[in-house]
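**Student:** Before I ask anything, here is the structure I am working with.
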There are 2 protein chains.
Amino acid sequence: MGQAVGLRSLYCGQVSASEIGNSVTLCGWVQRIRDHGEHLSFIDLRDHTGIVQVTTDRITDIKPEYVIRVSGTVAPRPEGTENENLSTGTIEIRDVEIEVLSQAAPIPFALDDRGDVEEITRLRFRYLDIRREKMQRNLRVRAKVNSAIRRSLEDQGFTEVETPMLWTPTPEGAREFLVPSRLQPGSFYVLPQSPQIAKQLLMVGGFDRYYQIARCMRDEDLRADRQFEFTQLDLEASFITQDEIHEFVSSTMREIVSLTRGTEIGDFPKMTWREAMDSYGVDKPDMRFGSKLVDLTDILGSSGIRAFSAECVKGIKAPISEMPSRSKLDALIAKAKSLGAGGLAYFKVIQEGDNLAFESPLAKFLDEKLTAQIIEKLDLVAGDLALIVADKWEKAVEVLGAIRLELGRNGLNHDDLKFVWIVDFPLFEGLDDNGRPISAHHPFTMPHNDDFGLLDSDPLSTRSQSYDLVLNGWELGSGSIRIHRSEIQSKIFEIIGISEEEAHSRFGFLLEAFKYGAPPHGGFAFGIDRIAAIMAGEENIREVIAFPKTQSGQDPMTNAPKPVSQKILDTVGLRTLPKASKPGSN
Amino acid sequence: MGQAVGLRSLYCGQVSASEIGNSVTLCGWVQRIRDHGEHLSFIDLRDHTGIVQVTTDRITDIKPEYVIRVSGTVAPRPEGTENENLSTGTIEIRDVEIEVLSQAAPIPFALDDRGDVEEITRLRFRYLDIRREKMQRNLRVRAKVNSAIRRSLEDQGFTEVETPMLWTPTPEGAREFLVPSRLQPGSFYVLPQSPQIAKQLLMVGGFDRYYQIARCMRDEDLRADRQFEFTQLDLEASFITQDEIHEFVSSTMREIVSLTRGTEIGDFPKMTWREAMDSYGVDKPDMRFGSKLVDLTDILGSSGIRAFSAECVKGIKAPISEMPSRSKLDALIAKAKSLGAGGLAYFKVIQEGDNLAFESPLAKFLDEKLTAQIIEKLDLVAGDLALIVADKWEKAVEVLGAIRLELGRNGLNHDDLKFVWIVDFPLFEGLDDNGRPISAHHPFTMPHNDDFGLLDSDPLSTRSQSYDLVLNGWELGSGSIRIHRSEIQSKIFEIIGISEEEAHSRFGFLLEAFKYGAPPHGGFAFGIDRIAAIMAGEENIREVIAFPKTQSGQDPMTNAPKPVSQKILDTVGLRTLPKASKPGSN
């Protein structure tokens, strides 16, 4: 925490029993005043390191949140008054002189109990909110995340390069924040959504291993876990393969966990996208619990039972600690239907004499052999619940995956960190209105080495050299090996229906750069906000952002955004459209 | 530099004589091909670590800047062909297999000789320009500067906090880049010119010691050493004094020098603003050479000599290695006059028998005693040149300071790093049109503790608790202790003529925050671009920026800024003014 210097000799949290008898000078905020009468009062003095008790007989001119400087002697607390919950709980400061450095008006909400304060009020007075122990801790966890990233990547030979904040508009301009130019009125820069193109240019420039903790801005509708501004670790390297990039990032994650949690974690498993979908029904599986999806198609698909007559039949042993109620089961069925499945079959496993049997509306359709096969495949014992969905493969795994997650995520341990790499994502994610494949990642993603032959014949089966890192069901980030040869790039543009002209207009300078000798390269990016929130044990990324915006993009503290005068708009050659006029009506 | 992995076994620059006999695989760009006939050719293969010589008999399909992968055996070069200038100069790679990873079109300028290439071309093809050894080194020096800063400040207990990029407009809006809001058409964010207010709010929030390597944007006319975007180290700390802040920053600078130059430097001297002006005629003195300004007022001011009849007479022993020509002296006099001085008196010191004498048009006005006094005061010997300016104090020191710098800066050693703290700057820098003092720094700067009494009686003599760090004549950065008490802040606003209403409109949320218990605090900021340029031995900051803009704010590579479609402008409720219409004509 550094050494206390200046107006004080120690931080509040540093005053321990070993200081007894010493004179100290402390500075901080008055957390609480307790008047014990008979000229005896206690002041809880707070700084970012902790709270220390000050004993005094004069508190008439001191109120909560005043900033004071206290000089006095460290003494043991009277027997029986120690506070075990406080690192400074065995001592107090006596014989004090108190200097008021700043007064404080009554604060609009208490700082020791967040539960009751609306978030809008916390943001309105964010400078008070961050005095709370929890916000202090959260922001410091975030700083440690950054620090761990830099330390790890620099050790691995990566060099930080700052890429421009004032970037160039793309023709479609979707989600780009505009920045009007004053020197060229009517022209615009945009804020970067990511340094993607800049970092690929650095590879063309021979930079070999680049990283940046990059501020990015995306003008999109906000969700609970999104902000206009976000920070991402962005890296790119040349002459490497996927596996090396995974190891660069995995090492960095291990360093983050080590520095913020103090725990060491091992290697991260890898799983293909196909396997993730097949076993977890989702491309960001939460691996903290089992209940993998099991294929029952060969057992049930051709069993003649109508409910299971489908391309794919998937079952799980439900991740539950006790049998759900009837109404809970009905809710699960409703959920499965709302997700598009025809239904959800459930089978309670009961003991019948020496045998296990199913209790279910569908039990009567299953003969002994089928029952035994299912019990064996799903590894069921008495008291278990089996859940089965039959549908097209995509739908069956999606629905059962969602059911698995809903049942399994209760009571999961936030300290249990289960990382997994998902690899071999499809290159295309479907067809557009013209029947052309749509790039799943971005159009610079390299196809899988084994799948070039599929590009024409079966594009939707083509795998790519792209990968995600997943932690506890969160997609932390993604990356890919990029296309560095123009003949492959042209092929991809042709498949997705980007003409040469359009490619030039959208990516011209990158494509031009690739003409002059581009190395094989690839990279990765992950959001700092999310990983910091997970490491701090927070669900909402706003808890690890010093001055976040609301979900309507406003800052209740500064009142941004605001109108500005026409005089200012004149300098950039703009005027605002009248409120009444509709977009496009001009 | 990290370990070579992936497609190669070593970096080019790592292949040394100790590898002789080993099989290696290298990747990189073809720097040069030399055809020695008889099926013998040399390829210079380049990556960011260096160049290695590859010997082969098949080069027909390889051209400069092709990206290739070379597998072969390390062998000693034939005797007499070693290259002492190269770390790999005693070896070559033989018996090679070469794989072309990417072809390259002929590049628009040579990469081994920057001198002849126009900067606009370099920026247009920046991805090629940064392949040059010098740009690789410069950008890596910059990364080291950042790394040193973070290491030093984190060791000193500073915590990194990211402050918003989308900030709130101020009423005057001078120099602020606007960012239109899409959710609230007609409203704007602005990009931060510095995190000044945010960091003071962090202090109010009890954050104690904050730092950030902050991206800042200022929409101002560009000079050779300015960009719209700049990066600054920004720090702030609570409950400290000036001296502690100086030590935080000095330690950081020592770390920067150590990491980038490999040299250890000592403590930085401190000098008051008054002393700097008096002795060097400038508030950012270049301390690499002497020739301090010496006060001759008591000797010459009342000597009756008309040329010296002024409030202040200042002289220097000129920092020259040989006596300037007559035309050079005339140029100096012209320069002094162009800066507003009445003239510049010069005196060549010559030996006359046992005595020193002056050779000068003015020599006849000086009697023996005056001559001896000047010689003593300026510590002159035969062959020296004395230069004297008489004027008002401000003008005399400014002009002689400029002359000193012009003569002294020739042949200065860039490796000689002379840091100096300038302290006790004036609180105000003059009077505005209404006769009110103008804040020299910003209006939150705390007055000098001894000068509160002067605020009313003699405001222009009031010193402030602000300070600059100067290196070799460059102002690296500045900072101050801030006002944390509202009664002092109100007093300053009153003096500079900011009404309560205006203060509220401009700084409302900061002033409100200060009501709730603000700690004494202060900070500092310095530009990374400048210090990185100095450490890299570059004059122009663009040489340490990966993708800089030109002096007209354009990026010749991406063509930013650009017009955007009205459809995009509709989303933010804006239209561009017709080109013909003049600002304000609406």
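Glycine residues also receive a Cβ, built from the backbone N, Cα and C atoms like all the rest.
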**Student:** For which of the residue intervals B:140-143, B:196-199, B:232-235 does TrEMBL record region 'Aspartate'?
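**Tutor:** The range carrying the region 'Aspartate' annotation in TrEMBL is B:196-199.
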**Student:** Could you look at B:E172, B:E275, B:E475, B:E487 and say which one TrEMBL places alongside B:R218, B:D219, B:E220, B:Q227, B:G527, B:I528, B:D529, B:R530 in the ATP site?
**Tutor:** B:E475
**Student:** Please state whether DSSP places B:I528 (ATP binding site) in a helix, a strand or coil.
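**Tutor:** Its secondary structure by DSSP: helix.
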**Student:** Of these recorded positions, B:H36, B:R218, B:H441, which scores lowest on Cβ atoms within 10 Å?
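**Tutor:** Output over recorded positions B:H36, B:R218, B:H441: least Cβ neighbours within 10 Å is B:H36.
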**Student:** List the helix, strand and coil residue totals of the region 'Aspartate' (B:196-199) as derived from DSSP.
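**Tutor:** Grouping H, G, I as helix and E, B as strand yields 4 helix, 0 strand, 0 coil.
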**Student:** Please tell me which one of the recorded positions listed here (B:H36, B:G80, B:E172, B:H441, B:R482) sits closest to B:E220 (ATP binding site), measuring Cα to Cα?
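**Tutor:** So, of the listed recorded positions, the one sitting closest to B:E220 (ATP binding site) is B:E172.
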**Student:** Whole-number Å only: compute the distance from the Cα of B:H441 (L-aspartate binding site) to the Cα of B:H36 (site 'Important for tRNA non-discrimination').
**Tutor:** 66
**Student:** Which one is it: of the binding-site residues B:E172, B:R218, B:E475, whose Cα lies the shortest distance from the Cα of B:G80 (site 'Important for tRNA non-discrimination')?
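**Tutor:** Spatially nearest to B:G80 (site 'Important for tRNA non-discrimination') by Cα position is B:E475.
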**Student:** About how far apart, in whole Å, are the alpha carbons (Cα) of B:R530 (ATP binding site) and B:R218 (L-aspartate binding site)?
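**Tutor:** Here the two Cα atoms are 16 Å apart.
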**Student:** What residues elsewhere in the chain lie close to the region 'Aspartate' (B:196-199), defined as a C-beta under 8 angstroms and at least 6 residues from its ends?
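**Tutor:** Residues 161, 163-164, 167, 210, 212, 234-236, 442, 507, 509-510, 523 contact the region 'Aspartate' (B:196-199) from elsewhere in the chain.
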**Student:** Quick one: Cα separation, B:I528 (ATP binding site) versus B:R218 (L-aspartate binding site), in Å?
**Tutor:** 15
**Student:** Just to be sure I understand the packing, how many Cβ atoms besides its own are within 10 Å of the Cβ of B:E220 (ATP binding site)?
**Tutor:** 11
